[in-house]
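> After the structure tokens below, expect a handful of questions from me.
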Amino acid sequence: MIANLKKGELPSENIKINICGSKSESNRLLILQAGFPNISIENLSDSDDTAVLQKGLKVLKGTVDIHHAGTAMRFLTAYFAAKEGADVLLTGSQRMQDRPIEILVNALRNLGADIEYAQNEGFPPLKIRGKNLQKNEVTIKADLSSQYISALMLIAPMLPTGLIISLEGKITSIPYIEMTLQLLKNIGVTGNFDGNSIVISPIKSIEDVRIVVESDWSSASYFYSLVALSENLQITLGNFSEESLQGDAALVQLYNSLGVETVFNTSDDTISLSKKSIELPDSLLLNLANTPDLAQTIAVSCFGLGVSCRLTGLHTLKIKETDRLMALKTELEKLGASVQIDSNSLNLEKSLKISKGIAVETYQDHRMAMAFAPLALKTEITINSAGVVSKSYPKFWEDIEKTGVNCVFEQFKN
Ligand SMILES: O=C(O)C1=C[C@@H](OP(=O)(O)O)[C@@H](O)[C@H](O)C1
Ligand SMILES: C=C(OP(=O)(O)O)C(=O)O
């Protein structure tokens, strides 16, 4: 499917959008629920990544295919390794087979796990035979993906004596580790994350607990970008709060400097975004090591606004759904930008011209499609393979149409 986008009529009534629950919170809670069935979850993510994890958790023997879902791959690796009786081949899309997993596999093997590489050393697919893991101390490199660490933390309370995790190197994507710890605490597990050490206590059973997943801040980023690129758009987004577990709630501050004001409506747990008239900065300098999933949205917003930016802390982007640094450079330059990248940063030069009628490639990366879509407020633009959004946000196109973006889909192409 391709999506042809352009600016349409601004809706006359208030725009109210309910984004589904955070995929990061949902996927953690599903793993915890598999260990402690008396957790009930509300506002679960309707993303493909959550559906594949949920399906995978029902399998004890056989093949589990998690497609493109990084969290499902990493969390299920740890889950099956510690699940006595499990005998699975855990695999994913071609891209998933290029995304490294050796750091997690080594850590689990050091705890006694039985995991073999079914094809290439260091990469999925994995052959996992679940065992009762008895050890309780492990060291892991923390500079490539926090998902490896969250995976260990999620099985930690189910291990006989819990787990002490020592982190080596500069810790990346820290808010996601904090999210895992907080969710553990919310179900009654005791744990601590201090410096380079994480300690999680074991627990045999927990009290009944009901958890309402907050909506997905990474998905909200595309509406921040739309408001920033608009003349006077106002959008209300449901089920968000100031006390978020998600690091991407940093959007509130980040987009403040790009002219988006956020009001938290505590009476109904919504946020209202509106455009402020401010003098835009000439240039933005941001370290996004704590919020890697916002890099594409922010780079495209800056381009659309004619603001130059230097984004750093992006060393994890090349092992995500695609090499996101390369993809951003290629597609922004098609639109007329000048972009330099190196292994962990992106520089976008100030430019006020945006080419019209460009077709943006998405490289099987949902965030490429969603990050470029708001440019429709500035020029006519086509998004190729627009269906990729379902990885995290299946209703994205439906919701963006509510904001007055005119979308025409050609179904026959994919
Ligand atoms: O734990 C999580 O839910 C996630 C952690 C981050 O990955 P890295 O830790 O690999 O940067 C993020 O990019 C991903 O979308 C979700
Ligand atoms: C990187 C992402 O997901 P994952 O690593 O879980 O595939 C993402 O959603 O942007």
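Just so it is clear, glycine is given a Cβ too, placed from its N, Cα and C backbone atoms.
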> Figure out which of ARG210, ARG310, ARG324 sits with LYS23, GLY70, ARG99, GLN147, ARG367, LYS391 in the phosphoenolpyruvate site per TrEMBL.
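Looking at ARG210, ARG310, ARG324, the one TrEMBL places in the phosphoenolpyruvate site next to LYS23, GLY70, ARG99, GLN147, ARG367, LYS391 is ARG324.
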> Based on a Cβ-to-ligand 2 distance below 6 Å, what subset of the recorded positions ARG28, GLY70, ASP293, LYS320, ARG324, ARG367 would you report?
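Checking each Cβ against ligand 2, the ones under 6 Å are GLY70, ASP293, LYS320, ARG367.
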> For a quick check of understanding: among the binding-site residues LYS23, ARG367, which residue's Cβ has the most other Cβ atoms within 10 Å?
ARG367
> Quick one: Cα separation, ARG99 (phosphoenolpyruvate binding site) versus LYS320 (3-phosphoshikimate binding site), in Å?
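Here the two Cα atoms lie 7 Å apart.
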> Counting distance between Cα atoms, which of the recorded positions GLN147, ASP293, ARG324, LYS391 is nearest LYS23 (3-phosphoshikimate binding site)?
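For LYS23 (3-phosphoshikimate binding site), the closest Cα among GLN147, ASP293, ARG324, LYS391 is found at LYS391.
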> Show me the subset of ARG28, SER146, SER173, ASP293, LYS320 whose Cα is within 10 Å of GLY70 (phosphoenolpyruvate binding site); these are the recorded positions I mean.
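Within 10 Å of GLY70 (phosphoenolpyruvate binding site): LYS320.
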> Rounding to the nearest whole angstrom, report the longest C-alpha distance spanning LYS23, SER24, ARG28, SER145, SER146, GLN147, SER173, ASP293, LYS320, listed for 3-phosphoshikimate.
19
